[in-house]
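Colleague: Swiss-Prot lists these features:
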type	residues	note
TRANSMEM	19-39	transmembrane segment
BINDING	H60, H350	heme b 1; low-spin binding site
TRANSMEM	61-81	transmembrane segment
TRANSMEM	95-115	transmembrane segment
TRANSMEM	142-162	transmembrane segment
TRANSMEM	169-189	transmembrane segment
TRANSMEM	205-225	transmembrane segment
BINDING	H207, H258, H259	Fe cation binding site
TRANSMEM	243-263	transmembrane segment
TRANSMEM	270-290	transmembrane segment
TRANSMEM	308-328	transmembrane segment
BINDING	H348	heme b 2; high-spin binding site
TRANSMEM	349-369	transmembrane segment
TRANSMEM	391-411	transmembrane segment
TRANSMEM	434-454	transmembrane segment
Amino acid sequence: MMSPNGSLKFASQAVAKPYFVFALILFVGQILFGLIMGLQYVVGDFLFPAIPFNVARMVHTNLLIVWLLFGFMGAAYYLVPEESDCELYSPKLAWILFWVFAAAGVLTILGYLLVPYAGLARLTGNELWPTMGREFLEQPTISKAGIVIVALGFLFNVGMTVLRGRKTAISMVLMTGLIGLALLFLFSFYNPENLTRDKFYWWWVVHLWVEGVWELIMGAILAFVLVKITGVDREVIEKWLYVIIAMALISGIIGTGHHYFWIGVPGYWLWLGSVFSALEPLPFFAMVLFAFNTINRRRRRDYPNRAVALWAMGTTVMAFLGAGVWGFMHTLAPVNYYTHGTQLTAAHGHMAFYGAYAMIVMTIISYAMPRLRGIGEAMDNRSQVLEMWGFWLMTVAMVFITLFLSAAGVLQVWLQRMPADGAAMTFMATQDQLAIFYWLREGAGVVFLIGLVAYLLSFRRGKAAA
């Protein structure tokens, strides 16, 4: 059924709006805690003991994961009805799951901030099924169980929509990615006492999310947006999508081995990890060719929302640079021996997450939000200009954050890792030498926040395009 305002093809697509709005609120929180962390690198007692560095980092990374999950869920609720050519199976269930997930997320973050972590573990019964205390998987066991319940309800809702409607390559790839995301998260409940075994399966969640099934989600969202804004034949875009997804899975699954270099597994992982992870830039490069070829050479219509085309091209370029180029720079075992755990890792992580996943969520929000607000295909020119200012401020700021962290990482390797043990500078002494880069990174982070505010204001002030 067409929505009352005529901007949405199906009324149930409107349930995507709260997911997008809450995702952006959490995104702001993530950036604020990133700025707190960045300042704590150079002013060690900033906000101590109220917000220690380890707590700020935990909140920063957890907010990243949760806001992206909200973004993916909103994207699915928006595009699956349109791809399936039918209403969402249960908008009511989508609303219930939104409030459950939002409440669980807020309570978990408040728990990090207000209760000592050991106390939080006791309070939530972690001793009954110990899963806490691992990087990125710090959530209490009860929160992890809540995520599983929300994921099952979500998959049921979108899965039933797909089953009773039209089947397309885009919806099938998206569903494959979402199901894989949920299944791989189950390994967060496996916490063996053996540290090597723990790390081996820990990466099945962390790596196979961000360098595996999340790439399927990114590819499906990008393909959907390009179909809508270019008018290119769906068959052409679907062929590109199949090639990209095949390359992502072939390189990404065995490429997990580049995380196994130094955790105590057999030596053959040095070869497997190096060879296959060296192939991981290929799907991201293919996405660049895909987006630019589709938008610039096969255009059949002048889509009025210029900002969404900018986001669609930008996400592929930044993903290729961050996940592809910066990932390749330190993925080979002989190089990773020196760079592992340095600021080069942080440089890669920042640009890769922003380019591949933050930007693809902002792409679908840029496309969908005018319709969700009842405006139509695009907002007025002033709002689009403001949004594009937000794009450039955030993107250029992230490039400089990456460059400053890369410079810090190279110097860290030179001072701390390359010299023989007796001549190597200690960790803390090395950090003092990197302070200038941390200050520069903090400044770039402030610019990033300004860009994010501009992006948000573009929707608040937007009116229909003339």
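Glycine residues also receive a Cβ, built from the backbone N, Cα and C atoms like all the rest.
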Colleague: List the residues in the vicinity of the Fe cation site, defined as same-chain residues other than H207, H258, H259 with C-beta within 8 angstroms of the site's C-beta centre.
Modeller: W203, E211, G255, T256, G257, Y260, G273, S277
Colleague: What else in the chain is close to the transmembrane segment (61-81), if you only count residues 6 or more beyond its ends and a Cβ gap under 8 Å?
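Modeller: Sequence-remote neighbours of the transmembrane segment (61-81) are 9-10, 12-13, 15-20, 22-24, 26-27, 29-30, 33, 87-88, 94, 101, 105, 108-109, 112, 135-136, 138-139, 154, 158, 161-162, 165, 170-171, 174, 178, 181, 217, 220-221, 224, 353, 357-358, 361, 364-365, 368, 372.
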Colleague: Expressed to the nearest Å, what is the distance separating H258 (Fe cation binding site) and H348 (heme b 2; high-spin binding site) at their Cα atoms?
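Modeller: H258 (Fe cation binding site) to H348 (heme b 2; high-spin binding site), Cα-Cα distance: 14 Å.
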Colleague: In sequence order, which residues at least six apart in the same chain have a CB under 8 Å from the CB of the residue listed as 'heme b 2; high-spin binding site'?
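Modeller: For the residue listed as 'heme b 2; high-spin binding site', the qualifying residues are G322, A323, W326, G327, M329, H330, T402.
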Colleague: I want to verify one value. Collapsing DSSP to three states, which class is H259 (Fe cation binding site)?
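Modeller: DSSP call for H259 (Fe cation binding site): helix.
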Colleague: Who are the long-range neighbours of the transmembrane segment (142-162) in its own chain, taking Cβ under 8 Å and residues 6 or more past its ends?
Modeller: 73, 76-77, 80-81, 83-84, 86-90, 93-94, 96-97, 100-101, 104, 107-108, 124-125, 131, 171-172, 175, 178-179, 181-182, 185-186, 188-189
Colleague: Would the transmembrane segment (169-189) count as touching the transmembrane segment (391-411), i.e. at least 3 C-beta pairs under 8 angstroms with sequence separation of 6+?
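Modeller: Taking Cβ pairs at least 6 residues apart, the transmembrane segment (169-189) and the transmembrane segment (391-411) are not in contact, as fewer than 3 fall under 8 Å.
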Colleague: In whole Å, note down how far the CA of H207 (Fe cation binding site) lies from the CA of H60 (heme b 1; low-spin binding site).
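Modeller: Cα of H60 (heme b 1; low-spin binding site) to Cα of H207 (Fe cation binding site) measures 18 Å after rounding.
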Colleague: For each of H207, H258, H350, count the other CB atoms within 10 A of its CB; which of these binding-site residues has the top count?
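Modeller: Per the Cβ count, the most surrounded site is H258.
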Colleague: Per residue, counting other C-beta atoms within 10 angstroms of the C-beta, which of the binding-site residues H60, H259 reaches the highest number?
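Modeller: When each Cβ's neighbours within 10 Å are tallied, H259 leads.
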Colleague: Which sequence-distant residues neighbour the transmembrane segment (205-225)? Criterion: at least 6 residues beyond either end, Cβ under 8 Å.
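Modeller: Residues packing against the transmembrane segment (205-225) from afar: 72, 75, 79, 82-83, 136-137, 169-171, 173-174, 176-178, 180-181, 184-185, 187-188, 237-238, 240-241, 244-245, 248-249, 252-253, 255-256, 259, 280, 283, 287, 290-291, 308, 312, 315-316, 319, 323, 352-353, 356-357, 360-361, 363-364, 367.
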Colleague: I need the CA-to-CA distance for H350 (heme b 1; low-spin binding site) versus H207 (Fe cation binding site), whole Å please.
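Modeller: H350 (heme b 1; low-spin binding site) and H207 (Fe cation binding site) have their Cα atoms 15 Å apart.
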